[in-house]
Structures are given as structure tokens and as C-alpha cells.
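Just below is one structure, and these are the notes that go with it.
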């Protein structure tokens, strides 16, 4: 078994990276992605997905390009056909304690650890590797070029959105159900008026200015 070479892979499809890795002897390839690095409130959620080779998932793409109903539909398809799905969560307190990058990597590692099928290779969206002793490849915009990463992006996004809908019930007035914690004008105005709530990220600009000394 040798590590795959990604330098010249020619014309690409959403299965290109998975197929290349499989041809090099790896058979449990997990795509890993996150949702929620940028918001001012709530957790960062990561997902890891292992798909059966050649699985047909029409419509799967970067979750940010899909409508909420489309994501929910695809979430069901992915959950039904995947060999394994894992989810990891780093909450607001963890983010404030160790910073958003380290919290994201921790959530990703947790997601991989939750997989019922142990992966032998990881495809990761972005530029940062996960602190796990597994062969892995980071892919910029991987959620638009890898079927496994795209699937993980959908699982992570839907999972986090559902959490933020619940937080909207616990902490009314901030509009979490609408903006999911992102720093839009209405959210910033709510923070200025009401002050931060328990799930706000106290180290983030837009929130820290309103934290009592």
C-alpha cells in the first residue's frame, strides 16, 4: 500500500479523489468537513462520512450552495446510504478556550472517532490536517470537489442548523433560527441591545465588546 499522488490527476469528478485513494489500496475513505467556524454564537460542528464506492447521490454539493430544504433531503439520502457517519461538536466554551481553529480540529477528530467503520484514509476540507495517526489529504474547496467531503459538509451543516433552532427556543430575541449565529446586522443589533447570551463566543469581535469586564 502506498500513499496516492495528487499532483496530476487530470479531469476531475466528485469521485476523483476517492477513486485515486482507493486505487492505492485504501478502502474506507472518510470525507471530513465542518460547519460553524464563522458565527458569533453556538458550536462548531464537524462530520465524517464514508460512502460505498460509486454511491449515487444526485445533487450533493458544497452545503453552502444548497437551500435548507435541499440539504435536509440530502441529509436523509446520505444517512441512508453511507457506510458510516460520525459527528463531532466543539461548543462555544471550547472555542473561547482554545481558539476556533483548534476547536474545529478537535471536532473533526471526534467526528472521525465516532465512525462505526474505522477509516484508513481521510479527505479533509481546507488546509489543516487533523491530529490523528491516519493518512490524510487536505483539499482546498474540497466540499465542491469530493463527494465524501461534500456529504460531510451537508451532515455538519444540517446538524448545526438543527442545534441552532433549538437554541433559538432557549434564548429568544437573537434570531438564531434565522441566521444560525452568524454576524448579520440584526444579530449584532440584538447583542448590543440584550447583551451576549450563554452560547455567544465571548472572544469573537461583535461579542467581546459587549462582555462585562
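Sequential numbering from 1, following the chain as shown.
Using the three backbone atoms N, Cα and C, a Cβ is placed for every residue, glycine included.
Taken straight from Swiss-Prot:
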type	residues	note
DOMAIN	27-213	domain 'RNase H type-2'
BINDING	33, 34, 125	divalent metal cation binding site
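Counting only same-chain residues at least 6 apart in sequence, those with a Cβ under 8 Å from the Cβ of residue 33 (divalent metal cation binding site) are 46, 47, 124, 125, 142, 143, 149, 150, 152, 153, 156. If you take every residue in the domain 'RNase H type-2' (27-213) and average the pLDDT, you get 96.
Residues 33, 34, 125 make up the record's divalent metal cation site, and a Cβ search at 8 Å around their centroid adds 32, 35, 46, 47, 108, 124, 126, 142, 143, 149, 152, 153, 156 from the same chain.
Counting every protein chain shown, the Cβ of residue 34 (divalent metal cation binding site) has 27 other Cβ atoms within 10 Å.
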